[in-house]
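Trainee: Have a look at the structure that comes next, please.
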Amino acid sequence: GSCLESVKIAIDTGYRHIDGAFVYYNEHEVGQAIREKIAEGRIKREDIFYCGKLWNTCHPPELVRPTLEKTLKILQLDYVDLYIIELPMAFKPGDAIYPKDENGKIIYHKTDLCATWEAMEACKDAGLAKSIGVSNFNRRQLEMILNKPGLKYKPVSNQVECHPYFTQPKLLEFCRQHDIVIVGYSPLGTSRDETWVNVSSPPLLKDPVLNAIGKKYNKTAAQVALRFSIQRGVVVIPKSFNPQRIRENFQIFDFSLTEKEMKEIEALNKNVRYVELLM
Ligand code: A2P
């Protein structure tokens, strides 16, 4: 239920872009929140930008559309605004989200990412997804799609980890050249959950530079980190279940960072990922 409440608070606060996925196991709550807010008359469906994701076990082309249809059924929506390939590697299809062999090793699956992409294009043509994109793709993987013979639609976006300690300058430049929007996940340096986060990297929001700049504008380090990203053209998707922090993360449109401050924050880059995706 916490996701339902948080999405409703977020919509009331003004957020319109909602980043979801089947593997977050809360699409039913997200869909309910959106539908409730539509019923209240606060928003229309077309005001919301919902991003869904194709999980690793669903890469074979024949599974792509049924997987998206399942997401739509859970959301109880007719279309998603953006559907993206969550990761460039495929796992063995089946009910197990992390299929493992008897030694506990992930069982991968051979699929052709370009064939998966063609199935994504078909979802757009069918009107089930307004736009299609990718996530966690590096330059080579993007080039594979961009150079695919007979490409119908380019990926509109690439969702990757991006924040002041991991600024992705080269990927950002490559994507800019190809009109691919970078959507930055973990824009606040994510949680300190040891099960999936590399906690040996220093916590972003304790950074002295971010805090000092924040003090000048009467903003928090979190607000400075988010403002930095949007000011360099990176879309941010901060996560919070806390109403006060949900609102705080939206109060970033009433100040701007100077060129010097942007450079200072860019210089914080450590090229270190919090989310290592070791599988
Ligand atoms: P919570 O849900 O309790 O607010 P990211 O978006 O980079 O993945 O970061 C999410 C983490 O940062 C969550 O642990 C979230 O906790 C916390 N968080 C979200 N907003 C803020 C904020 N404004 N200040 C401090 N921590 C925040």
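Cβ coordinates are placed from backbone N, Cα and C, and glycine is handled just like the others.
Just so you know, TrEMBL annotations are computer predictions that nobody has curated.
Pulled these from TrEMBL:
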- Y24: active site, proton donor (ACT_SITE)
- H109: substrate binding site (BINDING)
- 5-269: domain 'NADP-dependent oxidoreductase' (DOMAIN)
- K53: site 'Lowers pKa of active site Tyr' (SITE)
Trainee: Inside 10 Å of the Cβ of the residue listed as 'active site, proton donor', count up the other Cβ atoms and send me the figure.
Mentor: 13
Trainee: State which of the following recorded positions has the fewest other Cβ atoms within 10 Å around its Cβ: K53, H109.
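Mentor: Minimum Cβ neighbour count within 10 Å, taken over the recorded positions K53, H109, occurs at H109.
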Trainee: If you average pLDDT over the domain 'NADP-dependent oxidoreductase' (5-269), what do you get?
Mentor: 97
Trainee: To the nearest whole angstrom, state the Cα distance for the pair the residue listed as 'active site, proton donor' and K53 (site 'Lowers pKa of active site Tyr').
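Mentor: That separation, Cα to Cα, works out to 10 Å.
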Trainee: Whole-number answer please: how many Å between the C-alpha atoms of the residue listed as 'substrate binding site' and K53 (site 'Lowers pKa of active site Tyr')?
Mentor: 18
Trainee: What does DSSP say about H109 (substrate binding site): helix, strand or coil?
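Mentor: H109 (substrate binding site) sits in coil per DSSP, no helix or strand.
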Trainee: Specify the secondary structure state of Y24 (active site, proton donor) as given by DSSP, simplified to three classes.
Mentor: helix
